[in-house]
Amino acid sequence: MSGSKGVSPPGYAAQTAAAPASRGGPEHRSAWGEADSRANGYPHAPGGSARGSTKKPGGAVTPQQQQQQQRLASRWRGDDDDEPPLSGDDPLAGGFGFSFRSKSAWQERGGDDCGRGSRRQRRGAAGGGSTRAPPAGGGCGGGSAAAAAAAGGTEVRPRSVELGLEERRGKGRAVDELEAGAVEGGEGAEDGGSSADSSNGPGAVLSLGACCLALLQIFRSKKFPSDKLERLYQRYFFRLNQSSLTMLMAVLVLVCLVMLAFHAARPPLQLPYLAVLAAAVGVILVMAVLCNRAAFHQDHMGLACYALIAVVLAVQVVGLLLPQPRSASEGIWWTVFFIYTIYTLLPVRMRAAVLSGVLLSTLHLAIALRTNAQDRFLLKQLVSNVLIFSCTNIVGVCTHYPAEVSQRQAFQETRECIQARLHSQRENQQQERLLLSVLPRHVAMEMKADINAKQEDMMFHKIYIQKHDNVSILFADIEGFTSLASQCTAQELVMTLNELFARFDKLAAENHCLRIKILGDCYYCVSGLPEARADHAHCCVEMGMDMIEAISLVREVTGVNVNMRVGIHSGRVHCGVLGLRKWQFDVWSNDVTLANHMEAGGKAGRIHITKATLNYLNGDYEVEPGCGGERNAYLKEHSIETFLILRCTQKRKEEKAMIAKMNRQRTNSIGHNPPHWGAERPFYNHLGGNQVSKEMKRMGFEDPKDKNAQESTNPEDEVDEFLGRAIDARSIDRLRSEHVRRFLLTFREPDLEKKYSKQVDDRFGAYVACASLVFLFICCVQITIVPHSMFMLSFYLACFLLLTLVVFVSMIYSCVKLFPRPLQSLSRKIVRSKMNSTLVGVFTITLVFLSAFVNMFMCNSKDLLDCLAAEHNISVIHVNACHVVESAFNYSLGNEQGFCGNSRPNCNFPEYFTYSVLLSLLACSVFLQISCIGKLVLMLAIELTYVLIVEVPRVTLFDNADLLVTANAIDISSNGTSQCPEHATKVALKVVTPIIISVFVLALYLHAQQVESTARLDFLWKLQATEEKEEMEELQAYNRRLLHNILPKDVAAHFLARERRNDELYYQSCECVAVMFASIANFSEFYVELEANNEGVECLRLLNEIIADFDEIISEDRFRQLEKIKTIGSTYMAASGLNDSTYDKVGKTHIKALADFAMKLMDQMKYINEHSFNNFQMKIGLNIGPVVAGVIGARKPQYDIWGNTVNVASRMDSTGVPDRIQVTTDMYQVLAANTYQLECRGVVKVKGKGEMMTYFLNGGPPLS
């Protein structure tokens, strides 16, 4: 039942071989580009017709591609397991192709689907199959199927962490933005809720209920469900929040100093007022120093924020209670300032900001109501104040919410990028470990370098062959394995081989031997590869001794009489891989052939060596004559003198003891346990439980429970730990200085700036809506406080209609399906263009600003001082507030009738124009997509325009208001007497107005700079994380594609799975598999080692071309059900029906496909003979039946198939006739039923099977 032993020396006729079960190889783009590299956003193809390709039409590698190759090369990860990592000199990027044939050759013989004139399409990989039990009979379809468990590999990814924010996935525009290079962030809602800012992309229809829920979500404090993630988020933005807090403290100090200056400018001074403000300045300065110390921790941030809120509240109370003269409009500007800065610059959650804003507003209103209760006009002032504070709080919410959502989304996306990168890195490390366990490092390195480098046109495929002199080759065969296999089920057979060869792999590593291949029950390895060793013969002899000891333990545990027959020869080898598909590292040379016959002519339990090997041993072992020629015709024919090892000498024993002691000391000094090399399920069927026997522990196997403990790592904790380290290492100042210009805040690299400018802000419609809401509040304020006029109503109505239109068009972008295509197109042009959206934003802000002051021109502009001077017949400079009180005319704040003969109404509260302008400045800050420089220019324009109006044409409005406020205070304090008491005066409004507007412009600019700086740094970090993730995914894709050319995809997925049970083995029972062996019968006559042909390398080059042609044929779409198993010397092995996707139980198409492939190989060999002037003869054998497929070698896996079907197929090849295809009776019945042309050969004597009736396949079904 075991697969027959085959060897790789040229000309050796393989009897049977093991076989992988699933397709691999360099598939066409749809198999590898899209399936394996979809995460990168573009497929990888050999020629690079993919969307993201940087390859020029002529095939030249662009500088960008070379740079990408260098980046990828630097990211080639190492591995500290059984193989060292590939070096960083390995270039990894660009197109991927395993064939380096010239263009003319490709056009003639077919190639990839990469724009080179291909006639053949690469077929996709056949997936891993489910288990099919073999029937009891020998053929296909006979008998009942026995149940068997399939151990298919599944790819395990870290679960997605619910961060409490839902990503916005814009379907209609996402592809365009990705193609434009935009790195687009989404939004979401906190606490696992739905998105609060319309998390629906274009094409979504927003219901009224959803809008209401989204509106309510805005006022909820955002926090990640996991406290650990929340703390990580706070660490992520800690430095930025620290900078924002410092900035807020600076502007608060400025505001307090301005308030002190205003108070000190007009005596009498209020000492409590001065003391409180001075104390507030001192406290804030001390806090600023403490917050910028190295000891300041993120846990201190909350305390600092709430302490600052307490200071602001104290300033608010004192600032409203103590100053004189009192007015309900006093302190509005700093209250608005405090409210807005708490929302925007103070790093607190929404709930705390809202509570602080409401508390400040309530304090102002309560104090104004208490201290100004006697004012007849108090009601409209309070109403106006409520409107102003409400507007400020709403604008603060509209600014705070998208900023925090953007920050949290940036954190989420960065974490997801890091999570994906770490997952890709883990997979990549596993792939590299698996890759390096199958191919030696130097071979894999050379292949990857050639894959990613531009290849010159060559007439032949590149051959990966290296010549090594002075090596020792060991062949070992398990004698008695057939009797052992006959007592095992399919699963037990795989487990037994897995356990035994895993132990052999460990012994090979310990003895400095490189395992080459496992062929059935034959194991062979070489010492002196890839690095030369002077003691290569000693290593092989020690390896043989350890193998004999290991098999004795197996004999002891299983009770089956098994033993090892070991043959060793020293000489020269050619090592490498042949063909284009299913690469397996192998060695070729006449010395390899001799080593194989040394094993065949050896004795059980003994090490059989040649004279050449004995010469390298330097007398360290006692030997006796081997007489190998008596047991093997090849040794006799070539007069090979052989010896059998008896024992090592005393001197050698002492050397071994010394070496073992040094190894133990080195291991202890390193401080870690040696790597686990045991099989995945050590002799489980014999032990009957989870315990590992004493004998198995002696063989080096570990307890599965220990292995479970080693592998129990949490991917989420790894992601958080990595992100935490990255946050700690991130330098905000360094990132700013390296990538961002200091004042303009633009990226120094034009490409980065271009990518950033192409970002689309989905919230633009919300910005316009918020600015329009500010307009409505300004309208309400002015309608309440300013005398009405037809101009006011008509102007507001016109502005309202314009803003409604702008809001409507902007909001269409979020609900595109509801509106006609022209409106959709217009909305997209506005929102998706930064210039267009900025222009619309400026237009909206301009309308809001005009609505804030335009009514000034409808007010009475007569100078009250002139009127009073004329009335009292005094000079203007002598007029004061007492003259207003003593005037016969009703000059008061409550009188809106014109005076001094002017019919226009009086605007007695012009400071509300200033407050309206402040609201328009806040509306400017809402538009986060406008750059900070753009906002600064716009705000300066607003300030300059308004200040000019205040200081020149409408200055009398403010002078009159100052006079009337003082007169109102005198009138109230006089209690109706005729006396005019001493009174306090205020700083003139025409002086205060430019100062407070300048303070607001400065604060809003600092906030805009902070917002844009944060957004750009988030973009930069996320872009770097995304690029690293994509580079790792590209590297992973290249490794996966290379790996899939060595192992079937389902096998690779099984061994790459992160969470795999220790008792899980990979095996399948396949009920009807067609197996083919095709050998070049006379290749051994062609192969000679001469100096003229580079010691046989040129012979191997031709063999490589032949195998490459066969690989190209099997890649054709019509042969997609076929799977190349491997090559053994000059024998090509393939099978079909190994999994559900290739097995056709009813139509038997997989059997017919293998027969067609065999005939195609015959035709191809004739074509090769014509063009190479050779006379190669092929023998092909076919058989069908059940097989067992599985993986042996836990750390150096090799996919194999075993069974009588494989043995008989090999015999059909070895007993065949040159240039004929020999098939069994089972195969004949299927092909004859499908009208294939066959002839009976007759009865053939087959070794181990007796006499068998066989047939020749002459041709396919006749054409109808």
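Using the three backbone atoms N, Cα and C, a Cβ is placed for every residue, glycine included.
What you are looking at is a predicted structure, and each value in this text was computed from that prediction instead of being measured.
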Note to self: Just to confirm what the record says: which one of Asn241, Asn873 has N-linked glycosylation site annotated in Swiss-Prot?
What the structure shows: Asn873
Check: Which of these, Asp505, Asp521, Asp535, Asp546, does Swiss-Prot list as part of the Mg(2+) 2 site with Asp477, Ile478?
Finding: Asp521
Next item on the list: Scan Asn470, Asn890 for the residue that Swiss-Prot records as N-linked glycosylation site.
Entry: Asn890
Note to self: With contact taken as 3 or more Cβ pairs under 8 angstroms (pairs 6 or more apart in sequence), are the transmembrane segment (913-933) and the transmembrane segment (797-816) in contact?
What the structure shows: no
Note to self: Within the same chain, where does the transmembrane segment (839-859) have neighbours whose Cβ lies under 8 angstroms from its own Cβ atoms, ignoring anything closer than 6 residues to its ends? I mean 6 or more beyond.
What the structure shows: 764, 767-768, 771-772, 774-775, 778-779, 782, 786-787, 789, 791-792, 795-796, 799, 802-803, 806, 810, 830, 904-907, 910, 913, 916-917, 919-920, 923-924, 927, 929-930, 938, 942, 945-946, 949, 954, 957
Next item on the list: Output, ordered by sequence, the same-chain residues six or more apart from Arg565 (ATP binding site) with a CB under 8 Å from its CB, or 'none'.
Entry: Ala476, Asp477, Ile478, Glu479, Glu599, Gly602, Lys603, Ala604, Gly605, Arg606, His608
Next item on the list: Sort out for me which stretch, of 331-348, 351-369, 377-398, has the most Cβ pairs below 8 angstroms to the transmembrane segment (987-1006).
Entry: 331-348
Notebook entry, point to check: Other than its own, how many Cβ atoms are within 10 Å of the Cβ belonging to Val1208 (ATP binding site)?
Noted result: 25
Next item on the list: Could you tell me whether the transmembrane segment (331-348) and the transmembrane segment (245-265) have 3+ CB pairs under 8 A, leaving out pairs under 6 positions apart?
Entry: yes
Checklist line | Within-chain partners of the transmembrane segment (331-348) [C-beta distance under 8 Å, separation at least 6 from its ends] | finding: 237, 241, 244-245, 247-248, 251-252, 255, 259, 301-302, 305-306, 308-309, 312, 315-316, 319-320, 356-357, 360-361, 364, 385, 388-389, 392-393, 395-397, 399-400, 403, 911, 914-915, 918-919, 922, 925, 996, 999-1000, 1003, 1006-1007, 1010
Margin query: At a threshold of under 8 Å on Cβ distances, which of 271-290, 351-369, 377-398, 766-786, 938-958 pairs most often with the transmembrane segment (797-816)?
Written below: 766-786
Check: Using Cα-Cα distances with a 10 Å cut-off, which of the binding-site residues Ile1201, Val1208, Arg1211 are near Asp521 (Mg(2+) 1 binding site)?
Finding: none
Note to self: What does the DSSP secondary structure composition of the domain 'Guanylate cyclase 1' (472-599) look like, as residue counts for helix, strand and coil?
What the structure shows: 60 helix, 39 strand, 29 coil
